[in-house]
Amino acid sequence: MIFENTLAFAQQQDRNDPLAHYSDQFHHPVIDGKEVLYFTGNSLGLQPKTAKEHINQELEDWAKWGVEGHFHAVNPWVSYHEILTPASAELVGANESEVVCMNSLTTNLHLLFVSFYKPTAKRFKIISEAKMFPSDRYLLETQVRHHGLDPDDAIIEISPREGEYLIREEDIIAAVNDNADELALLFFGGVNYFTGQLFDMQRLTKAAHGVGALAGFDLAHAVGNVPMHLHDWDVDFAAWCTYKYLNSSAGNVGGIFVNDRHGNNTKINRFGGWWGHNKERRFLMENSFEPMTGAEGWQISNAPVMGMAILKSSLDIFHEAGIENLRAKSLKLTAYLEFVFNDIVNQFTDIKLEIITPTDPTQRGCQLSIKLVGTNKEFFEALTKAGVIADFREPDVIRLAPTPLYNSFEDVYLLGQTLKVLAQNWRQHG
């Protein structure tokens with residue numbers, strides 16, 4: 001497609017966009033009486049307008065029923081998590097038995113590591129990406145120490161080659177093969193939070209399985225961003241949060257995937273709780289833990305219904321819009337941002353702003369990460385003052401995520417015009 005950095009072109013694309021109306025289903029922040037340009041769906045998604053309605057329903061049922069709401073609410077609380085499963089399974093490409101919403105992201109990963117990181121004297125190493133999200137690194141470090149191992153010996157981090165920003169997948173595969181006899185687990189982010197690089201999870205899973213290791217993924221920046229097929233890819237386990245692209249509010253409930261190969265085996269060691277116990281016998285208050293089959297068997301406590309009500313409001317939208325349709329728009333929208341950005345940068349060659357996200361659309365989601373070469377955080381702060389909500393990551397990267405559910409081509413054009421004005425001011429005043 002031939003792009004144009006003009007308002008008329010952007011508005012025409014919005015008129016042609018079959019998903020454009022979904023933007024009206026979200027609240028857009030207004031600061032000082034002006035609607036801001038919001039490009040941080042990769043950090044915290046916008047609030048669905050139906051969220052309040054869903055929460056109010058649960059508040060009304062609580063007021064009406066008290067504890068009996070577990071069984072008599074419009075959506076009975078005892079099984080509330082189950083209504084989130086179909087749409088969640090669609091988003092990650094899983095059987096419904098392989099998915100459940102529960103807890104929060106790093107908590108869920110710790111629970112999954114109990115079952116799927118089982119180091120032995122021979123197989124104890126974990127291969128992961130360098131510069132992964134810090135919470136994931138803390139997860140790996142503390143899990144390894146929990147087993148009495150030294151992180152320096154057990155964790156192998158794959159870095160970009162010198163002078164590059166992205167990790168080459170052939171280097172990951174080479175590391176897997178080089179450590180074939182000692183590798184217990186390959187654990188990566190589906191999409192790297194910093195660069196926006198999308199990894200080929202099917203390829204990495206196949207490589208890990210080829211040497212007798214397991215493969216797991218943190219999907220925080222992948223779920224709701226790119227289509228996935230975890231079951232078909234034979235991924236062993238995965239976890240995600242729901243407050244980024246899934247728009248469920250800050251710190252809200254997470255989700256997990258456990259491949260049916262494992263989920264159907266109730267003998268797998270895990271940390272148990274009563275919500276993972278056989279649901280037909282849960283309220284008999286028996287002493288012996290009998291886990292359910294499927295991902296539900298990893299649940300610990302009963303569902304946080306208020307948070308799940310917000311998530312339901314967003315998942316309903318995803319189910320209606322369709323992740324494949326959203327991806328099709330996302331590819332075009334992010335490509336337009338890339339075009340607009342490069343058009344402006346080419347006009348201001350003395351100001352070094354560089355995209356470090358893959359240029360290949362199949363190797364990224366919607367996020368573009370921009371490195372402030374030779375500048376500092378003041379450029380980002382000026383962007384914020386100009387009415388753009390973006391995201392800064394130390395030491396020198398601005399992340400922009402044109403989110404297809406609620407961002408428009410006109411948003412991208414206006415962002416470009418804002419960047420142009422800032423570049424002009426930066427050139428004049430530094």
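Glycine is no exception: its Cβ is also placed from the backbone N, Cα and C atoms.
Feature annotations, courtesy of Swiss-Prot:
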type	residues	note
BINDING	Leu105, Thr106, Phe133, Pro134, Ser135, Asp136, Asp218, His221, Tyr243, Trp274, Asn302	pyridoxal 5'-phosphate binding site
MOD_RES	Lys244	N6-(pyridoxal phosphate)lysine
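Proximity of Asp218 (pyridoxal 5'-phosphate binding site) to non-local residues of its own chain (separation of 6 or more, Cβ distance below 8 Å) is seen for Leu105, Leu109, Met132, Phe133, Asp136, Phe187, Phe188, Gly189, Gly190, Ala238, Ala239, Trp240, given in sequence order.
Here Lys244 (N6-(pyridoxal phosphate)lysine) is positioned 23 angstrom away from Asn302 (pyridoxal 5'-phosphate binding site), judged by their C-alpha atoms.
Around Asn302 (pyridoxal 5'-phosphate binding site), a 10 Å sphere centred on its CB holds 16 further CB atoms from the protein chains shown. DSSP assigns Tyr243 (pyridoxal 5'-phosphate binding site) to coil in the three-state reduction, placing it in neither a helix nor a strand. Non-local neighbourhood of Tyr243 (pyridoxal 5'-phosphate binding site): Leu44, Gly45, Ser249, Ala250, Gly251, Asn252, each in the same chain, at least six residues away, with C-beta under 8 Å from its C-beta. With a cut-off of 8 Å between CB atoms and residues at least 6 apart in sequence, the same chain places Gly41, Asn42, Ser43, Leu44, Gly45, Ala220, His221, Val223, Gly224, Asn225 near Lys244 (N6-(pyridoxal phosphate)lysine), listed in sequence order. Taking the binding-site residues Leu105, Phe133, Ser135 in turn and counting surrounding C-beta atoms within 10 angstroms, the largest count is reached at Leu105.
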